[in-house]
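Remarks on the structure that follows.
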Amino acid sequence: MLTDAGKKAAAGTAAAALTLGAALAAAVPAPAAAAGRPGTGSAPGPARLDWKPCPSDDPHHGGRLKGLECASIRVPLDHDRPRGEQITLALSRARHTASRSQGVVLLNRGGPGANGRDLPALFKRSLPGTAAASYDWIGFDPRGVGASEPSLTCDPSYLYPGRARPDTVPADAAEELAWTARAKAFADDCARKHRRLLPHMGTADSARDLDEIRKALGEEKLNYFGYSYGTYLGAVYATAFPGRVRRMVLDSVARPSGVWYENNLDQNIAFEKRIGVYFQWIARHHRTYGLGKTRRAVAAAYAKARSALKAEPVDGRIGPAELDDLFLADGYGDHNWDAHARALAAYVVRRDPGPLRKAWTPPTPKRLNNYTMYTAVECRDAAWPRDWSRWHADAERLYRQGYRFETWSNTWYNAPCAFWAVPGGPRPEVGGSASLPPILLVHATEDAATPYAGALEVHRRFPSSRLLVQAGGGNHGVSLSGDRCVDEAVAAYFDSGEIPENRPGPDARCEAPPPPEPSGTAKPARGERRNAGHLAGHPGTR
């Protein structure tokens, strides 16, 4: 649908890839030696936090930490060796202003690998009612991320080689070989730089970090809010430490049984549907954008742009892969639909690359760190196929079935896990009993990044949970994005523990706000549309 490269598959491609997979699999670095048996020494006492005003020019968040307090905590690299090597987690805090505190809420943006120290200001400012004033809101950069030390970054040329990346849709076996070699080079660089750290970068490690933060804060029980991957981290914590959970909101829920290879295949299918919704929206506003009156016509315009950018990247830096990066964000949320449609129209209709040049920015050092930690966590959490023929077969199958927008780019985004130095798994257990306090799940039914099946699965795994759906919504990261119905339900839960009545299927519904209108036209009447795309770092973001 999106590119002429869809005609790429020559008869010998699959066979060549099978040979390639066997050769590269044999070249995978040997797994890192085990860190050793769990230590038998007693754990040190709880860390003490020394809160100070956050810097006004933070290197990771700029001025967005203004008004917050910052601190750090030392935790074991290997929680089974509590007196062994220590690492540092960077924290932030927005203190409660009500006369009576309800405790602390730990916040996680997702990713995995996303920074989180700016989140307290957002929740303090945006959560309606009295709940915002009743808690200390705690942000943190997870292990390996941002201001936490050590902060991991591997081969930056994989995401940004200083020029346009190769087209993610390989035209032949040679192009696929080049991409797999790039993925292996990234994995090898991570092994060279961080081999001793990689065994300790999984979600189970981060869940134990959460409990160390709880102890350092002096809290008997933890309140928690997680977006996207943060829902999986929260679910793992609730499973491992059920007696330490007070209130927990999981927004845009990842499917535990698909962690992570199968979840990425699910994304390829879901994003095809979601980008189709976006193209249909563009077609509906043909008078504004001139890209075609049908979804198929807009898809053809997009394919035309990809072909032109492959032949001649804008400034040598923006090719078809970078165009896909830009439009992938439109599958996560509709916040930039108008701006990106105008950029595409300018390039295709008027041959003006200016708006496209303005819309795309190269990955920053922060983004390169985020991607490294995305990979480090996902590759460690669960087993991944080690034979490239499996990856090739799955990508080819989905692409030929018509799931073309995300399939190959998502394959390469996760491909380093095929060559990772540390084997993944075992996958952490997820599930709870009816004795666990109620967990509030929030999910948009048309979410592409974490398809709705994940919310239903977690709802089944936690009998005391309640599921609030945004019916018809497609944005990833629902809370605090302008839906008053959702925000008031989340605020009521934090304020008093109020939850929906238990019903078959979803327990409560909020109707999704209407899609945006092109700039200069009438705005939707319901709710306040806010740009919340920064809220949810998630698997697959570029």
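Placed from the backbone N, Cα and C atoms, the Cβ positions cover glycine too.
Quick look at what TrEMBL lists:
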- 1-25: signal peptide (SIGNAL)
- 33-47: compositional bias 'Low complexity' (COMPBIAS)
- 33-65: region 'Disordered' (REGION)
- 49-61: compositional bias 'Basic and acidic residues' (COMPBIAS)
- 408-502: domain 'Peptidase S33 tripeptidyl aminopeptidase-like C-terminal' (DOMAIN)
- 496-542: region 'Disordered' (REGION)
- 500-510: compositional bias 'Basic and acidic residues' (COMPBIAS)
Local confidence of the prediction over the domain 'Peptidase S33 tripeptidyl aminopeptidase-like C-terminal' (408-502), expressed as mean pLDDT
97
What residues elsewhere in the chain lie close to the compositional bias 'Basic and acidic residues' (500-510), defined as a C-beta under 8 angstroms and at least 6 residues from its ends?
456, 466-471, 483, 485-486, 489
Give me the DSSP three-state residue breakdown of the compositional bias 'Basic and acidic residues' (500-510), ordered helix, strand, coil.
0 helix, 3 strand, 8 coil
Per DSSP, the compositional bias 'Basic and acidic residues' (49-61) contains 0 helix, 3 strand, 10 coil
